[in-house]
Structure formats: C-alpha cells, structure tokens
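Since the structure comes first, as structure tokens, the remarks are kept for the end.
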Amino acid sequence: MDAHSRFAPRLPGPAINPIVDNSDEPQPSLSDLHDFEPKLEFDDTELLAPSPLEKDVMVGDFVLAEDPELEPEEDVNPLEDDFEDQLREQSENFQTPRNKCDFLGTDKQGRHIFGIYASRFPEKSQLEGFVREIIKEIEPFVENDYILVYFHQGLKEDNKPSAQFLWNSYKELDRNFRKNLKTLYVVHPTWFIRVIWNFFSPFISDKFRKKLVYISSLDELRQALGLNKLKLPDNICDLDDKLNPSRKPSTPPPSSNINASRQQQHKMATTHQFGVPLKFIVMNSPCLNSIPPIVRKCVDSLSITGVIDTEGIFRRSGNHSEIMALKERVNRGEDVDLKSVNVHVIAGLLKSFLRDLAEPLLTFELYEDVTGFLDWPKEERSRNVTQLIREKLPEENYELFKYIVEFLVRVMDCEDLNKMTSSNLAIVFGPNFLWSRSTSTSLEEIAPINAFVDFVLQNHKDIYLIDVNQRTVSVD
C-alpha cells in the first residue's frame, strides 16, 4: 500500500504497562498513570456501534475478529479537566506550517526519535492531509529503526480523530512504518486512551503491543530516551508541571554544569574512550593517526567480507545491553575482542562512540555552516565543503572523519548486498556527526546535515585529494 495514503499517529495505549521481554526494547513506565481527562477527546461514537469489519482476516499486525464489541468498564468516573482549553492559545501560537512533527534526536542506540503532538492536529476535514505531510517528513528515516513519541494532551473538539479513522489509517500504513517502529511512547496518557486500546486490543499482535510504553512525566521520557535536553513546546512543559507538581527540575545552572564537567574530566580515567572529548582520547590512548583504538577495532571488524555486505548494516539496532557492557569494558581499559560479537552490536558500538563524544565530530563551530548547506549554490558546494573540512576542522577531527568516511565508502561499494547507499548512510550518520550545542535538532536542520554527509560520501575523492599535512594550502 502506498505510504502516502491515509495515516494517523498511533494514539491508543494499553490498560497497563506492557512487559518488554526483549532486551533491546526500553522498559515501560512504572509510575502511576494520570487520569486527567478532558471533556473533548476522540470521537467515540463508533466504539459502541463499530462499523462491520471483515471476518477473520489478517491485516498487518491485526487479526480481525467477528463483530468486536467494546464492553465499557463500570463505575468509572474520570476527572474532567479543562487543561486543553487553558493551553489552547499557547499550542496555537506554537504551531507553524513546518512544525507538523519534530525530530527530537537519537536515542541511546542511535535510533531516530520523532515527536507528534495532538495539540497540533488540524480540524477533522484537514486531518488526512496533515498526517500525509507527516509521512513525507519522516518517510526517508523509517527504513531504519526509529522511535515515535506521541504527546497525547491538547486535542480539541474539532480535531479529534474517530476510532474508525485510526483503524483504517493503520491498515493502510506502509510496512516500514510498522516494522521498523521499535518503541511508541505515549506521554501523559489518559483514561480514554486505555479505553481505546481495549477496543483495538483483540486485533493487535503481541509483537506490536510490546512496542507501546506509557510515560507519565518528561523526566521519565528523558531517561527512557537517554536525552538530557528535549526541545518541547511550552504547552507540553506546562502540562507536565501541572501533572507532576512535586517533581522539581533536576537541571543545575549552566555554570555548575561547566564546573561539574571539568571536575568529571579531571577525575576521568585515562583509559576512557566513550563520553569524553576526542582530544582527551588522542592524548591518553595509543591512537595511530588520531584514530581511537576502539574505532579502529570496530572498522576492522566490520570491513571483513561477509560482514560489510550484511543487509541493513547500521540500520538495525544491536543489543543494547551488549553495547553498554562493551563500552564499560573499553572505558576500564580492557582489550575487547570483537571477533564473536554480532555485526549489529559492533555497528551500534561505533555509532555510540560518535554520539557519546563530548563535542560532535564535525564540531559545534561548523553547525551553522553545515545547516546552511542546501542554501549554497550548487556550483559552490564542492569548494565550500572542501574548505570547511580541510581548514576548519581540528586535525584529530579531520583525521577521524576522513577515516570513517573512507570506511563508509567501502560500505557503499557493497550496496547491492547491504542496501546501504550514500543517502541511507547519511541518514544514519548525519545526526551522529553533528548536533546543536544548545537545543535538539529540528527536521529542518537535520535535512541539510544529512545532505552534507551524503555530498561528502559521493565526493570524497575530491575532498581528500591531499594529505592532512598539506591542508593549509589555499583552495581556489
């Protein structure tokens, strides 16, 4: 089915937190769910009298049974809060035509994270086109494993989707959207979400059901995603403060962050290679040509015939617990042997190294230049990219970036088998090569970053024509 057909965010959630038995999946929330329920929610007119569904037909993750009926829970008296009306003005002010969904960053396993907000839904008549635009924005990324965060609160009477709309949208959704979705976080769930889920539950596979995790606070979300900073709309933050009044901000003042970081680096064991500046590694580890030992080991292991041509290399997520265990061993100074380690774990270890650097490999200084890549005239891009890389990158960053690019080019050479084109590799590595100093990177910013990396991969011979020691030569 065409990915651009009707689609809606996966809104429903289970009545209780699911148990995720796969070590790769984040654990569900253990905190209590909030039962703050507004008067205006999803259109539930089809719940008590659903449209006839096909009998015993398998559709994706759903198995359609004969005439499913919802049995409403008795003695339920949810609170009818009016926070959506209170926050409506803020949500409307925040919404812009280009902000249908947000790119929130990458999680601890390097998977892209996208945020969808109920407060941004348009009226029902425009909802189908709205979600089609969301599909266009994230479709290039869903060929890889990805995470979806749905911020539930903020619906109004004129934009609440019907249960039938959700059902039809899911059935028509492209396979990659369903298959490669690894976790669906529902933030600030309500009682009605659980009712909706009970209605759909008989038709949903156990595999898909395990992907859903309830999140009751933004602190819990940050911890689950492994992101200390989340750029979220004010109305979401205000609602979180209201629902979690006892939770105080855990972020210390910037000055104390800087002091703590300096103290931590001072106490850091010289064997550390993860979570430290690249210069720190070069100064304290046996780095040949500024290449950290663990990076060289990963690249050597992944370059072997039969490994480098693995289909989906760098797309699939490796076992998170194995990756974390290897990182701890490396930071203790142990000599790790990767010969018997799964290819996706090694690939995840390499991505984790880049993501854990104290400063991105392409440096904060180049962020504005790189995010302006698509605005450059095409005839000037080669010259500008070459100058940025040769003249503005510190020597150790230049050497490591060159080393990884040359490896990724070898991965590209096997694209007939591994399906990893320059564009696919750019989507995976772009957010791990460069990110913003102060805020999360938006979809508008990630596009030029990925395009920049794609350009480098396709034009690497021209960019790296001369040796690093000759980088001071001017470029005409």
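Glycine is no exception: its Cβ is also placed from the backbone N, Cα and C atoms.
Residues annotated as region 'Disordered' in Swiss-Prot: 1-35 (among others).
Summarising the annotation, Swiss-Prot assigns phosphoserine to Ser29 (among others).
Under the heading phosphoserine, Swiss-Prot lists Ser31 (among others), citing experimental evidence as support.
A mean pLDDT of 81 is what the model gives for the domain 'CRAL-TRIO' (91-244). The domain 'CRAL-TRIO' annotation in Swiss-Prot covers 91-244 and is backed by sequence analysis.
Feature annotation from Swiss-Prot assigns region 'Disordered' to 241-266 (among others).
Taken from Swiss-Prot, the feature phosphothreonine applies to Thr251, supported by experimental evidence.
Annotated compositional bias 'Polar residues' per Swiss-Prot: 257-266, in sequence order.
As annotated by Swiss-Prot, domain 'Rho-GAP' applies to 276-464, with the evidence given as sequence analysis.
Within 10 Å of the Cβ of Arg315 (site 'Arginine finger') there are 21 other Cβ atoms, across all protein chains. Residues or ranges marked as site 'Arginine finger' by Swiss-Prot on the basis of sequence analysis: Arg315.
Reduced to three states, the DSSP call for Arg315 (site 'Arginine finger') is coil.
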